[in-house]
Each structure stands twice: as C-alpha cells, then as structure tokens.
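**Student:** Below you will find the structure I want to go over with you.
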C-alpha cells in the first residue's frame, strides 16, 4: 500500500488552520517526514513517488507551513521533476504544477532553505506561473475547474495576482462555476481563494481563542427532474492494455435527474454479466477504479478518464455530473 502522504499532509494543514495547542502534533509531522522518504524509496527505480508528485508536493508544503525544514534532496526531487516536465500528463498537470509551486514559495518565504536554493525555487515558481498562464482556456479556466483554485493560490502566494490579467479572468470563471465545488475537499481548495488567501497564509496565522460558533448547514437535496432520459455509455481501452478499443457501447435509460454514477448503476442492473464497475470513496466523492474487470492502478500510472463525446474531459466526478438526454459518455482507460 502506498504511503498516506497526501492524506496526512491535508490533515496537518487543517490542524494548523484550527490553531491547535502547542506541539500535540509533533509525532504526526515526524510521520509525514517518514512518508516522504518511503514514498520515494519504494519507487526509486522508477524515478517518481509511489503516490504522485501532487501528494509529494503537498507533503513538502504541509511541513513548511508547520515551520519544519525539509531535506534538500527531497526538494531537489521536485525541482528535477519540474525541470524535466514530469509533473503530470505531458507536463501539463496544472494542479500538480501549482502544488509544487506553492511548496517552493513557502520554503523560500519562510527562509527554510539557503540563498542559492531559494533562487532556484523562485525561478521554478516563475516557470510554473508561466505554464499556468499558457494552460488557461478562452473561458478563463486554468487546466480544469478543479485545478483553477490551485493556480489562483499560486498567483496570490507570489503576489502576482495584481499584475496578471489571467488572474481576474480565472476568478470570474471560478465564480461562474461554484456549483462544481460540492464536497468538503473541493470547498477547502476554493474557499481560501474566495477570501484572497492561499494555503501559505496558514503559516502566519495569529491564533486567538475564538468562540465555537460553527453550526451544521442543512443541505437541500437537488430537485427531482420529472421524466426519463437515455445516455449512450461507451467503455474504451486502448493499447497496450487491450487489443480491442471499444469494449462496451450501450444505450442506458435512466431518470431525468440521474448522475453519471446512476447511469453506471443502471447499466450494471440491466446487464449484470456484461457491465460491472467498482468505485473507491475519497474526500472528493466516489472515484472510478474498475470497469469491466479492468482496474486502474497507481503503480501502473493509469486511470479511468471521464469524457463526453467526442473527446471533452468532464469537469466533475461521477456522482456530481448529470448528463443530458442523448449524450454519449466515454470511460477511457488512460495513462498519466
């Protein structure tokens, strides 16, 4: 099982943001340092972390926010990966690029590295900013709607939000798509940006005792839409995993308000021997891990990509996306 690098890093960031008593989390910080080493040592021959560069960068950021020094070798691994374009899909994974840039900016601003390394980190962050500008689409979204808050956090953390016109365009796009952020994890990404902050601001918070005024919010269920719709469901598996590209192609009748997850469940109920799938619960909602017996695995660096025909990636997860009547949805086993 891969190290829980990203999960522990997020927990430590959340813990720091809640202004805990001094030093109750020291053992957790030690565990995160251990995970960063295990994450790399276990996959040394592959030259990349067992988890992902996103989680690796998140781990470095969490340590920095807790004012902990990081071994230079750990930082150099991220610098080398960025320099050689290994941070994601063809080097264009905006969320990973942004996470690594936030970690670099934190290390430099908190003065947790020497002068020479700080200059390298500053240059790398500048390259990441340029990359994000190039990844912005005509609609203002940088990468996809979920990676846009990370890119905006980089602009805020580096103080370039006032000089980059791309920032205001991306912010406008974000405000138009807030309904996409419906889980606790995605809300945690977008809320700092809406308040003009980044995760780096956690490191300099002035903790004061505050009254417990949080009250649970009653979420209203989405309204039911009367009637039915039909969705064309396609499963594709290209080489080298399969010899036949299209493994499944069926029309699936579902209620008009059905999500993609509902479509998958309806397909499995219609043809239990022909269509099977499995999901994994994550903070972002259910994640598709297996279709027709084909499992997407971290160590194989593949995943089930969700697209609407002919080739447009979905901006939401399977539980959030609601396809239109007559729409063709493609589940494609892809490499990352």
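Yeah, the Cβs are placed from backbone N, Cα and C, and that goes for glycine too.
All annotation found in TrEMBL is predicted automatically rather than curated by experts.
According to TrEMBL:
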BINDING   51, 52, 53, 54, 55, 95, 144, 189, 304, 305, 306, 314, 336  cyanocob(III)alamin binding site
DISULFID  64-106  disulfide bond
DOMAIN    258-334  domain 'Transcobalamin-like C-terminal'
**Student:** Determine the mean pLDDT over the domain 'Transcobalamin-like C-terminal' (258-334), rounding to the nearest whole number.
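**Tutor:** Summing pLDDT over the domain 'Transcobalamin-like C-terminal' (258-334) and dividing by its length gives 84.
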**Student:** I'd like the per-state residue tally for the domain 'Transcobalamin-like C-terminal' (258-334) from DSSP, helix first, then strand, then coil.
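**Tutor:** Helix/strand/coil tally for the domain 'Transcobalamin-like C-terminal' (258-334): 11 helix, 31 strand, 35 coil.
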**Student:** Among all protein chains shown, how many Cβ atoms are found within 10 Å of the Cβ of residue 53 (cyanocob(III)alamin binding site), not counting that one?
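**Tutor:** Cβ-Cβ neighbours of residue 53 (cyanocob(III)alamin binding site) within 10 Å number 21.
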**Student:** Which residues, sitting 6 or more apart from residue 144 (cyanocob(III)alamin binding site) on the same chain, put a CB under 8 Å from its CB?
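**Tutor:** The answer is 94, 313, 315.
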**Student:** Quick one: pull the CA-CA distance for residue 51 (cyanocob(III)alamin binding site) versus residue 64 (disulfide bond), whole Å only.
**Tutor:** 20
**Student:** Once near-sequence residues are set aside, which residues in the chain of residue 304 (cyanocob(III)alamin binding site), 6 or more away, have Cβ atoms under 8 Å from its Cβ?
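**Tutor:** Once residues fewer than 6 apart are set aside, residue 304 (cyanocob(III)alamin binding site) is near 288, 289, 291, 296, 331, 332, 333, 334.
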**Student:** Around residue 106 (disulfide bond), how many other CB atoms lie within 10 A of its CB?
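**Tutor:** So the number of other Cβ atoms within 10 Å of residue 106 (disulfide bond) is 25.
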**Student:** Please report how many Å separate the Cα atom of residue 106 (disulfide bond) from that of residue 55 (cyanocob(III)alamin binding site), as a whole number.
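**Tutor:** The separation of the Cα atoms works out to 16 Å.
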**Student:** Just checking, which of 64, 306 (recorded positions) has the fewest C-beta atoms within 10 Å of its C-beta?
**Tutor:** 306
**Student:** Between residue 55 (cyanocob(III)alamin binding site) and residue 64 (disulfide bond), find the distance joining the two CA atoms and give it rounded to the nearest Å.
**Tutor:** 14
**Student:** Rounded to the nearest angstrom, how far is the Cα of residue 64 (disulfide bond) from the Cα of residue 306 (cyanocob(III)alamin binding site)?
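**Tutor:** Cα of residue 306 (cyanocob(III)alamin binding site) to Cα of residue 64 (disulfide bond) measures 34 Å after rounding.
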**Student:** What's the number of neighbouring CB atoms sitting within 10 A of the CB on residue 55 (cyanocob(III)alamin binding site)?
**Tutor:** 24
